[in-house]
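Working notes for the structure below.
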Amino acid sequence: MDGTERVKDSHERHRSFSRSVEDVILSATHSRRNSRMEEEEEALTWAAIERLPTYNRLRTSIIKSFVETDAQGNNNNKVVRKEVDVLKLDLIDRQKFIDGTFKIAEEDNERFLKKFRSRIDKVGIKLPTVEVRFEHLTVEADSHIGSRALPTLPNVTRNIAESALGLIGIRLAKKTNQTIFKDASGIVKPSRMTLLLGPPSSGKTTLLLALAGKLEPSLKVKGDITYNGYKLHDFVPQKTSAYISQNDVHIGEMTVKETLDFSARCQGVGTRYELLCELARREKDAGIFPEADVDLFMKATSMGGVESSLITDYTLRILGLDICKDTIVGDEMQRGISGEMIVGPTKTLFMDEISMGLDSSTTYQIVKCLQQIVHITEATILMSLLQPGPETFDLFDDIILLSKGHIVYQGPRELILEFFDSCGFRCPERKGTAEFLQEVTSRKDQEQYWADRGKPYQYISVTEFANQFKRFHVGMSIHNELSIPYNKSRGHRAALVFTRYSIPKLELLKACFAKEWLLIKRNSFVYIFKMVQISIVAVVATTVFLRTQMHTQNENDGALFISAIIFSLVTNLFNGFSELSLTIARLPVFYKHRDLLFHPAWTFTLPCVLLRIPISLLESTIWVGITYYTIGFAPEASRFFNQLLLFFLIQQMAAGMFRLIAGVCRTMIISNTGGSISLMIVFILGGFLIPRGEIPKWWMWSYWISPMAYGFNALTVNEMFAPRWMNKLASDNATRLGVAVLENFGIFPDRNWVWIGSAALVGFAVFFNILFTLVLIFEVTFSYALNYFNKLALGKPQAMISEEVAAEIRADEEESKDDQNFRRPKLKTDSIFRSFSSSDGNNSAAIVMRVVRNTVDTGRTVVCTIHQPSIDIFEAFDELLLMKRGGQLIYSGPLGRNSHKVVEYFEAVPGVPKIKEKYNPATWMLEVSLAATELRLEIDFAQHYKSSSLYQ
């Protein structure tokens, strides 16, 4: 290349560089110009909103959307803003907002909450907070001794009799007094995440229920519980706080989102609207324009009366339930956290072992999001976790440690190890602090944590620990704080709720109507099947009572018609039998909603009754339309419609009666026994199996209270007073044939009985439904019984080893003793364990692991799935199969000593953070392999594994 060409090339590069610099400068200038224009456009939009009337201004906000290309196809990434009415946000707008604002729930939630808090702080608004105190709290229970406590039939009968005698002051039962919780005092403070720790049966659930005001009435409670200085009877604790159980019940036919939407609708918006009004007023006075996303969220979640709220979409995202939001719940008992109370305005939550059934990574994400809510919005949360991992444990600010009904420690998390160190116990390396805390008070496990091996170990009881804590500086500080009464003037009155229901009862009724209509549509197969069934039975009836063989000449012909009426009566009565099972299935959820004060009982029963009237009318029409003229009943149109009315009323009465039986009996087993007895009495004394004249006098009262008697009388009178029966004489040639037939069956020969029977059936239908409503109000609730049954008596098949496997192990061991040359099999597919959960407790999981290890030592192949394993349990395995969502394998190989193999594998991936000291490897590997991590690192762990030497 000569000199001239080199000079030209140099000039070209210079011009190219100059153009590049110029393009960058122009681009930056254009970007700044666009940014200023967008800011000016947004300011003009806010100014327009500020000029709206107050009500319209509070429901109008700005929603942003990004347009990547313009009309000419140019890529400009322009931000488009438009005014929206938050009450008219559709599904697409809500989903776009959630997807754009909370892409990564854990990270974006904290960022959003900080922006929310910044908006509040700018105008100097103080959020309402709740401080919960309990002083000298003691909970006791009286229980039967020995076999007398077993739920046998004789014992239940004795309990009922003794309860009846107890009402008049006669006490026959011998009971022992048990102390569940003893002389405990403490404080649950706002803005601080408090963890409630303790081994099983230590009193955690009792404490949470006591603080939430939901203890079973039969328990004896002493001491004081206050919220901001107010005692529980001074306000409505069920609306101020929420107890979230580890075992929740839901309506199986509803989706996850529909369940939360109904809950949000019933709980209302609380004080959010008042907060928004005050915030908007102060911002307008100060000339402050809020950020669009925060303003949209606050306004959308402050407006009541919407069927689907943005707060539901937000809750689904932060709980990680958005991927299954449209999934039918299916099973009414779902383990894990329930979002039903979180979607409401309640900021005081008592959460009972919400990690049941969740893996450690999911638990960490949920607790992390809750921690952000507590710290930024100054909420109050007391959460019990049976065995949290180290990373989850570190998210809490305060710890309450229970054991055998005593508070062993309460205070800052950072000081709890210092307390036990002062007692002579130390947490070893590679041991989770939570596991150490739950074992150090146990007589069986305590010795291994004795710190000074130069001194002889001495067991320290729970009572001694509790007394030492009172002398510890943290315990003394809490005692001093409790000695000073809470200053009520410090608390915001809006922090407590003083009304039973959150929204007007008419709105609650609308919500219940919407839910009931949804359930009818979801159960449409049941109602369609009932219509097909009644049609088939009607056709069968027409072939049995065929018109050509139905005559009207004498009393025997009349008896045949009455037989057809009885058959029709019984068929239509049992057509309402499906209400029994449908109602029983719904009762547990109703009792939960009733105790949470979602809605009164009548708003539940009224939609159940009214929305089924058209269905019952259609079924009655089908029956009468097929059978009336085919069988050959009286041809007059008036009598056709009279019979249609009577069968409709019989169906309404029957539906009400079966609902009442369901409400009283509450289970299918008891309903099938107790309900059958009731039906038998109604049938026998209804006047058609035994004529009225042959019923003993001392039983005659039951005839008059039997709805079947009124229906039977009205139907027969309607037929037998037709001209074709009344224009003929009976066999005595003196009495009208219709009257003679009626007298033969003990029926009143009075044509007014058509209307008497109709009025009586209406009365019975109303009476049964009112009685059903009263039963729902004053029956013993399911909530406590269900909770304790699930907690104490419900077997977990995942945690049990099949008897066949255990028998094989015993047989192999005996055979190996007899035959020294016995060789254990390498693989037996019927000896593979399925799954268990270490969240049931470290000790129980460790026992299962010992059995698993013994099984492996016999030469069998064992594969386990496990939730929330501790470090000890996780590292007891030899191999690891790790899968991500979707069933793709991302690791298969040895675990290594101290999990070093799996840790080294993931740490070798560029961008994956190193594991922290004392961090649970099981939790760490789940966190670093999340979908969010793949998105951030732009990697597919499944493909990475396939290309690794481990896979090859």
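Here the Cβ of each residue, glycine as well, is placed from N, Cα and C on the backbone.
Note that TrEMBL annotation is computational and uncurated.
Per TrEMBL, the feature domain 'ABC transporter' maps to 165-429.
Within its own chain, the transmembrane segment (525-546) has Cβ neighbours under 8 Å at 560, 563-564, 567-568, 571, 575, 578, 582, 615, 618-619, 622-623, 626-627, 630-632, counting only residues six or more beyond its boundaries. Here TrEMBL flags 525-546 (among others) as transmembrane segment.
Taken from TrEMBL, the feature transmembrane segment applies to 558-577 (among others). Outside the transmembrane segment (558-577) by six or more residues, the chain places 530, 534, 537, 541, 544-545, 550, 552, 616, 619-620, 623, 627, 631, 633, 647, 650-651, 654-655, 657-658, 688, 708, 711-712, 715-716, 719-720, 725, 737-738, 740-741, 744-745 with a CB less than 8 A from a CB of the stretch.
According to TrEMBL, the transmembrane segment annotation covers 668-691 (among others). Within its own chain, the transmembrane segment (668-691) is flanked in space by residues 562, 566, 569, 580-581, 584, 658, 661-662, 699, 702-703, 706-709, 712-713, 745-747, which lie at least six positions past its ends and keep a Cβ under 8 Å from the stretch.
As annotated by TrEMBL, transmembrane segment applies to 698-717 (among others).
Residues or ranges marked as transmembrane segment by TrEMBL: 753-778 (among others). Counting same-chain residues at least six beyond the ends of the transmembrane segment (753-778), those with a Cβ under 8 angstroms from any Cβ of the stretch are 590, 594, 601-602, 604-605, 609, 642, 645-646, 649-650, 652-653, 655-657, 659-660, 663-664, 707, 710-711, 713-715, 717-718, 747.
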